[in-house]
Amino acid sequence: MFSYYFQGLALGAAMILPLGPQNAFVMNQGIRRQYHIMIALLCAISDLVLICAGIFGGSALLMQSPWLLALVTWGGVAFLLWYGFGAFKTAMSSNIELASAEVMKQGRWKIIATMLAVTWLNPHVYLDTFVVLGSLGGQLDVEPKRWFALGTISASFLWFFGLALLAAWLAPRLRTAKAQRIINLVVGCVMWFIALQLARDGIAHAQALFS
C-alpha cells in the first residue's frame, strides 16, 4: 500500500510546487512572520478537504455543473486581478517600507479571509483536486484510495509548513526594500497571468454554454 502513498505524495508535490496565489500568500506571511504557522495550517486543512472531496466523489458535482464552474472561474479572475493590483501597488510605492508596514497592520480575521479567498476562489485548485486527483484516485479500490489520498495530503502539509518556516527564516534577507519590490512584482505578474488564463477558460466555457 505504500506504493499508493508515494504515488499520491509525488503527484501532490508536483501540483503544489508551482508558484500560485496560495503559495505566494503563505510565502509573504512567512516573510512578515505574521500568523504564518496558522495560515500554513489553514491552507493544509483546506487542501485536505478538497483532496478528500475530489478523490472520494466530489468531482462529479463540479463536472456536472457548468454554471458552478463558470461562477468559480470568474470569481477567481476578479479576486486574482484585485490581489495582483495590490502587489503591484506595493511594489511601485515610493516608500515601500511604509506600504509594507500598512500591510502588517492587517488583523487576524482579515488575513484568514484573504487566505480563504486565495484558496477557495482559485479554480485551479478545483481542477487539480477534483479533476486530476479525482480521475486518478477515483479509479482505485477503497484501501489504495485511502493511501493515495493520505500521500497527497501529506504533500500539502509538508509543503505549506516548510514554505512558511523557510520564508520566516529568510525574512531578514527578504524584508529589504529591493527584495520586497522584486517579490511583489513577481507575485503581481503571476496573479495577473493566472487571471488572464482563467478569463480565457471562462470565455471558452461561456461560449460552450450558450452555443
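Placement of Cβ uses the backbone N, Cα and C atoms for every residue, glycine included.
Residue counts for the topological domain 'Cytoplasmic' (1-38) under DSSP, split into helix (H, G, I), strand (E, B) and coil, are 30 helix, 0 strand, 8 coil. Per Swiss-Prot, topological domain 'Cytoplasmic' is recorded for 1-38 (among others).
Among the features that Swiss-Prot reports, transmembrane segment is placed at 39-58 (among others), with the record citing a curator's inference. Nonlocal intrachain contacts for the transmembrane segment (39-58), taken as residues 6+ away from its ends with a CB within less than 8 angstroms of a stretch CB, comprise 12, 16, 22, 25-26, 29-30, 111-112, 115-116, 119-120, 125-126, 129-131, 133-134, 137-138, 145, 148-149, 152-153, 156-157, 160-161, 163-165.
The topological domain 'Periplasmic' annotation in Swiss-Prot covers 59-63 (among others).
Annotation comment: Swiss-Prot describes 64-91 (among others) as transmembrane segment, evidence class a curator's inference.
Per Swiss-Prot, the feature topological domain 'Cytoplasmic' maps to 92-102 (among others); the stated evidence is experimental evidence.
Among the features that Swiss-Prot reports, transmembrane segment is placed at 103-130 (among others).
Summarising the annotation, Swiss-Prot assigns topological domain 'Periplasmic' to 131-140 (among others).
Swiss-Prot lists 141-170 (among others) with the feature transmembrane segment, giving a curator's inference as the kind of evidence.
What Swiss-Prot lists as transmembrane segment is 174-200 (among others).
Residues or ranges marked as topological domain 'Periplasmic' in Swiss-Prot (evidence: experimental evidence): 201-211 (among others).
Proximity of distant same-chain residues to the transmembrane segment (103-130), defined by a Cβ-Cβ separation under 8 Å and at least 6 residues beyond the stretch ends, is recorded for 15, 20-22, 25, 29, 32, 34-35, 38-39, 42-43, 46-47, 50-51, 53-55, 58-59, 62-63, 69, 72-73, 75-76, 79-80, 83, 90, 194, 198, 201. Distant neighbours of the topological domain 'Cytoplasmic' (1-38): 47, 51, 80, 83, 100, 103-104, 106, 108, 111-112, 114-115, 118-119, 122, 124-125, 128, 132-133, 136-137, 140, 143-145, 147-156, 159-161, 163-168, 170-171, 174-175, 183, 186-187, 190-191, 194; these residues of the same chain sit at least 6 beyond its ends, with a Cβ under 8 Å from one of its Cβ atoms. Assigned with DSSP, the residues of the topological domain 'Periplasmic' (131-140) fall into helix, strand and coil as follows: 7 helix, 0 strand, 3 coil.
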